[in-house]
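A.B. asks: Let me begin by handing over the structure; questions about it come next.
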Amino acid sequence: MFSWLLRIASACLGPARRYARTRKDEDGGDNGGGVADGLLWSRDLGRHAAGEFSFAVVQANEALEDHSQVETGSAATFVGVYDGHGGADAARFISDHLFAHLIRLARESETVSEEVVRGAFSATEEGFLTLVRRTQFLKPMIAAVGSCCLVGIIWRGVLYVANLGDSRAVVGYLGRTNKITAEQITRDHNACKEEVRQELISRHPDDSQIVVLKHGVWRIKGIIQVSRTIGDAYLKRREFALDPSITRFRLSEPLRRPVLTAEPSICTRVLSLQDQFVIFASDGLWEHLTNQQAVDIVYKNPRAGIAKRLVNTALKEAARKREMRFVDLKKVEKGVRRFFHDDITVVVVYIDHELLQEKNVSVPELSVRGFVDSVGPSRISGFDAIS
């Protein structure tokens with residue numbers, strides 16, 4: 001049923017080589033399929049200060065646009081999921097700079113707070129816009145590159161989560177009946193949400209084109225679905241206007257005021273004994289799984305490889321929607337694969353409360369990057385200096 005689409009896509013995009021830095025899914029995955037997926041990378045289980053984590057990424061685009069990181073150490077845990085669009089420049093920039101800004105601001109303030117997190121987002125946005133300003137003459141399309149940004153920090157028993165865009169953090173907690181329950185603690189900044197459209201309309205009452213229904217999808221200015229991002233400079237400042245001959249990003253009139261913002265939604269949660277784990281994932285996962293489905297999978301299965309299990313479950317659902325077999329989907333090359341699903345990043349962070357209460361937990365200071373097999377040292381010791 002899908003062969004006609006695959007042939008068309010292949011003709012348009014051409015053959016593609018495997019991404020060289022993947023740790024390939026050599027055994028065909030943890031939940032069936034029988035064929036290795038060379039576009040799937042995973043770190044099945046690692047340690048953090050308050051428990052364990054599992055990490056997986058699957059590539060769909062010709063060039064992976066998701067960047068991600070987990071920073072571990074004895075003082076804190078940091079998770080970042082950066083879902084790029086229009087290219088990987090913004091997501092890569094966030095991965096290289098946001099955590100450093102967070103450490104610097106936390107040390108200056110001698111605490112971690114919503115204000116510190118907000119400041120780290122602002123500094124990252126300004127840094128990327130400065131990069132756009134410096135390079136736009138040679139690389140004009142960098143003004144159209146942006147990224148969603150989802151960040152989680154666990155510090156002294158408190159979870160701080162901040163997001164721009166439609167990546168999502170979901171807590172799995174035990175309710176009164178001891179049943180695992182999903183609680184989304186982020187807000188989807190996507191024009192498909194009525195409240196987001198109303199927010200945009202209230203900010204732009206004189207712009208009848210601020211949200212447009214195009215081919216059944218609500219888009220801001222008829223172009224983009226997400227309302228809060230890092231980057232997308234041409235939708236924030238007139239100085240970054242693109243050549244109007246570029247039809248994909250053409251605005252019906254010059255920008256009067258920013259139509260996108262980099263103001264994150266922030267949630268602060270004191271972790272309770274009922275909180276079992278947190279799932280951080282780009283929207284590629286949530287396109288195919290509900291919050292409760294994802295939480296049930298994590299709760300009912302072993303920890304090792306759970307992020308990969310979530311990714312594979314989403315891929316199976318993507319295959320089912322296209323009336324194709326999962327084993328056939330895994331044979332589809334990057335680039336062509338984007339016709340079937342998006343890049344997907346998943347980090348599952350387990351909360352072990354006995355560790356959460358300990359003050360002298362010894363955890364290696366490591367920086368784990370999505371789709372990169374080598375593990376480097378982390379700067380997370382910067383949190384140690386906070387009194």
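Any Cβ shown, glycine's included, is placed from N, Cα and C.
Taken from Swiss-Prot, the feature domain 'PPM-type phosphatase' applies to 52-351. The Mn(2+) 1 binding site annotation in Swiss-Prot covers D83, G84 and rests on similarity to another entry. According to Swiss-Prot, the Mn(2+) 2 binding site annotation covers D83, D283, D342.
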A.B. asks: Going by DSSP, is D283 (Mn(2+) 2 binding site) sitting in a helix, a strand, or coil?
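C.D. replies: In three-state terms, D283 (Mn(2+) 2 binding site) counts as helix.
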A.B. asks: List, in sequence order, the same-chain residues at least six positions removed whose CB sits under 8 Å from that of D83 (Mn(2+) 1 binding site)?
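C.D. replies: Within the chain, D83 (Mn(2+) 1 binding site) has Cβ neighbours under 8 Å at E65, D66, A91, S147, C148, L150, G165, D166, S167, S282, D283, G284, D343, T345.
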A.B. asks: Taking the Cβ of D342 (Mn(2+) 2 binding site) as centre, how many other Cβ atoms lie within 10 Å?
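C.D. replies: Its Cβ shell of radius 10 Å holds 23 other Cβ atoms.
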A.B. asks: May I ask you to report the DSSP-based helix, strand or coil state of D342 (Mn(2+) 2 binding site)?
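C.D. replies: Note: D342 (Mn(2+) 2 binding site) is coil by DSSP, not helix or strand.
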